[in-house]
């Protein structure tokens with residue numbers, strides 16, 4: 001008499017029949033199922049060298065959407081560069097707010113939040129406290145140089161700058177007390193994990209952005225060139241991998257290929273050398289700004305933006321070529337953008353796979369969220385002088401002055 005396989009056997013993929021006297025898996029023993037890995041989604045585990053972006057059936061549709069989004073972003077970015085430093089800073093702040101919103105919602109549990117009214121507001125309290133802390137010192141010079149006609153407003157701004165650290169400390173302590181007062185039974189673990197998550201977000205969002213804003217006011221060039229190189233590297237890696245990618249680069253990002261990585265590196269280095277020369281001719285990009293105004297700028301660009309002549313070998317038609325010193329520095333930035341910057345994307349890919357989601361958000365069609373797009377800044381001379389005046393006594397400053405004088409005399 002034919003024997004019918006049980007549902008449990010079909011689920012387990014067993015090929016044999018149940019013999020008489022053998023207990024059914026549904027009654028006695030527990031059915032043992034193969035444990036699936038939680039490190040990556042199932043589609044990632046199936047990915048191999050033959051299933052890269054090169055063989056993706058929907059790649060042209062995805063590329064078209066991504067291209068349209070990129071063109072719109074580029075147009076908006078160019079407009080903000082034309083508007084000036086203050087508007088670029090505003091763009092950075094808006095991006096930070098979007099990034100924080102995406103990250104706050106990342107591990108949010110709706111059922112837990114419904115039991116904790118006002119808990120999301122506490123996250124934003126810490127966010128704006130961190131913003132005041134990150135930008136307060138930077139504003140100290142720009143605001144004082146800008147607000148001079150209105151005495152009342154000048155006193156208000158001066159007071160805010162003078163007590164900025166105290167205000168930030170008070171706001172943080174207030175948020176800490178607020179958090180303690182909102183603790184509820186059966187939600188302790190969730191609340192403390194969200195508290196730690198909030199602080200990680202603040203570190204991720206503000207650690208480098210404060211340096212970015214300082215660089216903007218030292219000259220748009222120092223913001224625009226590195227940002228452009230990162231974008232060029234990302235786009236070049238996508239297109240080289242799209243058309244030539246066959247060899248997987250790293251398991252965290254199965255669609256990243258060695259062909260895309262190497263092609264993007266060469267493209268980024270060449271772009272760095274050329275863009276540094278183009279941008280170096282515009283005072284709007286190279287001149288620093290000392291206040292929050294938006295007027296035109298005039299300054300001496302300095303020797304780093306002054307072309308130097310280099311003799312060429314006799315077999316080349318041109319006798320000499322003019323190269324700015326900044327172009328050699330740009331090669332170092334291009335090398336950094338080619339080798340180190342992609343690892344920020346790998347970090348984000350690993351993070352997303354750990355929590356089993358595709359993107360941080362869906363704010364930008366074809367690109368994901370703002371956090372997905374924001375995946376070596378220098379201190380200015382004014383910042384160093386401010387630290388010297390604030391932290392050294394008059395005698396120590398005088399001694400430093402004499403030591404610097406001796407070093408400069410030796411150099412000459």
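Using N, Cα and C of the backbone, Cβ positions are placed for all residues, glycine too.
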Can you check which of 8-27, 28-47, 88-107 TrEMBL lists as transmembrane segment?
88-107
Could you check which of 280-302, 303-325, 326-348 is flagged in TrEMBL as transmembrane segment?
326-348
Among the residue ranges 257-276, 357-376, I'd like the one that TrEMBL describes as transmembrane segment.
257-276
Can you work out which residues elsewhere in the same chain, 6+ from the ends of the transmembrane segment (119-140), have a Cβ less than 8 Å from its Cβ atoms?
93, 96-97, 100, 104, 113, 160-161, 164-165, 167-168, 171-172, 174-175, 178-179, 182, 191, 194, 198-199, 201-202, 205-206, 209-210, 213-214, 217, 386
Between the transmembrane segment (257-276) and the stretches 63-82, 160-183, 326-348, work out which stretch tops the count of Cβ pairs under 8 Å.
326-348
